[in-house]
Every structure is written in C-alpha cells, then in structure tokens.
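Annotation source Swiss-Prot lists heme b b562 binding site at HIS83, HIS182. Per Swiss-Prot, the feature heme b b566 binding site maps to HIS97, HIS196; the stated evidence is similarity to another entry. Taken from Swiss-Prot, the feature ubiquinone binding site applies to HIS201. Positions annotated as transmembrane segment by Swiss-Prot: 33-53, 77-98, 113-133, 178-198, 226-246, 288-308, 320-340, 347-367.
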Amino acid sequence: MTNLRKTHPLMKIINSSFIDLPTPSNISSWWNFGSLLGVCLIVQIVTGLFLAMHYTSDTMTAFSSVTHICRDVNYGWLIRYLHANGASMFFICLFLHVGRGLYYGSYMFLETWNIGVLLLFAVMATAFMGYVLPWGQMSFWGATVITNLLSAIPYIGADLVEWIWGGFSVDKATLTRFFAFHFILPFIIAALAGVHLLFLHETGSNNPSGLSSDADKIPFHPYYTIKDILGMLLLILVLTSLVLFSPDLLGDPDNYTPVNPLNTPPHIKPEWYFLFAYAILRSIPNKLGGVLALVLSILVLAVIPFLHTSKQRSMMFRPFSQCLFWILVADLLTLTWIGGQPVEHPFIIIGQLASILYFLLILVLMPITSLFENNLMKW
C-alpha cells in the first residue's frame, strides 16, 4: 500500500512542500527566515484575533479599550505586547530575508522575488494601519502626516486624501476603515505567502554558492524541519524576552497619551522599522519628490534583477560587491538613525547624503562593480 502522504490529495501538497521537497544540502541559517516569517504571521494573526475580541474601533473608546485589554482582560497585556513586539520581530526577519536574497542573488527567481516585494508592501501597509488603532497621539498624527502625503499627487491628490479619511480630517470613519483593512490584510498576506512558496517550489531553493544544486539535494524532512524548529525556538526566546522584560523598548511614549488634535507632538515619527524610508522622504524638500523617493525606496527592489550584470549569481565569490553590500547595510542603519532625529543640522545633510548613497549603490555602483569583477575573472 502506498504511503497516505503520497496519495491523499491534501497530504500530497504538504508532502511535496515540507517533507519530500528536494533541498540543497548546503543552505545556511540565512535560509531560516522564510519559516520564521511564517511563524511571525501566525503569531500576529492569533494575537490580533484575541485583541479584536476586546477592541472597539470608535474614536471615543479605542484608547480606553486598549487600556481595558491591558488591565482587565486575562493576560491581555501579554497578548497586546506580543502583538506589538511581534510586528518588530516580523520586520527584523523581513529585512534579513530580503538582505539574504540580495546577497546570494535569490532575486533571479523573478516571480518569487516580485511576489516578495508585493508582500513587503502589504506588510508595511498592515503595520502602518495597526499603529493607528490604539488611538494615541503618535497614532493620530502619524496617520495624519502619512495619509496627507497622497495630497502631493497632482490633480486628484486632495480628493484622494478626503476619500481615504472619510471626511475632512482623520476621525471616526478613518479609524473604522483602518481597523477593517488591518484585520483583512494579514489573510491576504497569508495567501500571497502561499503563492510565494508555490513559485519558489517551481524552481527549487537557491544556495550560498549560487550554483546549480541539482546534483546534491536532500529531503526537507528531517534535516531542515529540525533546523527550522531551532530557529523558531530562538525567535520565540527573543520575542518573549522582549515582551516580558522591556515591552516598550521599541515603542513611542507619546502613544500612551490619548489623542489631542489641538496638540502636535514635538517629533512625529513612525515605528523604528519605517524610519529608513521616513528619512528618505524627509531628505527631499519637495513634497511630491519626497513621496516618489519614499515609494521608490522599496520599489527599487523590483528593479534589482534587471541590474544584475555579474556572470556569477551569488556574492560569495565577489569581494568588491560584498564591500558594497555591507556599505548598503551601514547606509540603511544610518537612515534608520536619522529618521528618528529632529529635522535640524547636521541630521538634514547626513540624511540627504545617506539617501543619495542608497539609490547610488543599488542603481549605479553595484552593477558597475559586477562588470569590473567580470573583467577581473577574464570573462
């Protein structure tokens, strides 16, 4: 009798995706972040569901409903902080996952990469709308500032902003629709992640060398299931440590102040994971230019496969490209730092230089360096 997992219509899909999947034998821990992102998504959906049972999306009661969750609901504080810090872990895993793709040339799987870029946009949209829901000062002013950016779009901008707000300012209608979208988007993200995996399994995984691994494949289970479980345990350890010891480390104290539309916080800034894009937005004095730069800072990822000029796929054997990659990482860390600083000298000029360097590295320096390395190898 043939094994049930190989014949049952549903088990067959699971088997070919997680058990008998032929996997390169040399993939490193950098390949763990896909499964960790899956864990993060499940944690966010489960904790979010329990939060939604007690949350009210009304401007009068939203803030107090979050307070009620933390004070009166059994382990409500734990669920709330798991959800808030789970978002931070989600973005840490996302950035490392994208960084791995850039370093090892995984972007050559075009469909997988493009779905990944779409996923990144969807997760960023979800996180932004989630940040508005507690209805603290930073929630309100963050929503006002970011939605207002759409008014930079010529001709339809002003109408578009009022359409999103559902009125003439960020108010009850805005909060209600943001809650609705924040609830539905994670399920869309889960579906997109399924498509992401579908495209990945069409080609098979890349590996650190960037070479074909068809001659040396091993089954996913037990080798990589146990490796993924170790990664998950480490992720849960870091998340629970953060939640139980310093849950507000990555948050903004301004969000513990209820909304006051008449009082603007001294420094309006988003959560830490958006600071790099926020710094790029602020580095351009023109409103429309800033919005375009903001969108392009993420959208530039979709262009990277077409700028791949090297004869090798991975950066493993390309020391000059490696140098530029780590300069890019340092540049992104600099932008993250600048995004959290006030708009004054010397932060303005540092932000502008870091923004120029970001686009220069990706669009110009990396492709030219790859051509130079090809010549070094006499190709």
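Each Cβ is built from the backbone N, Cα and C atoms, and glycine gets one as well.
The residue listed as 'ubiquinone binding site' sits 17 Å from HIS97 (heme b b566 binding site), taking the Cα positions as reference. Listed stretches 77-98, 113-133, 226-246, 347-367 were compared with the transmembrane segment (33-53); the greatest number of C-beta pairs under 8 angstroms is found for 77-98. Among 77-98, 178-198, 288-308, 347-367, 178-198 has the largest number of CB pairs under 8 A with the transmembrane segment (113-133).
Counting neighbouring Cβ atoms within 10 Å of each of the binding-site residues (HIS83, HIS97, HIS182, HIS201), the lowest count belongs to HIS201. Residue pair HIS97 (heme b b566 binding site) / HIS182 (heme b b562 binding site) shows a Cα separation of 23 Å. In this chain, the transmembrane segment (226-246) lies in contact with the transmembrane segment (77-98); the count of Cβ pairs under 8 Å, excluding pairs fewer than 6 apart in sequence, is at least 3.
If you measure from the Cα atom of HIS196 (heme b b566 binding site) to that of HIS182 (heme b b562 binding site), you get 21 Å. According to its DSSP assignment, HIS182 (heme b b562 binding site) is helical.
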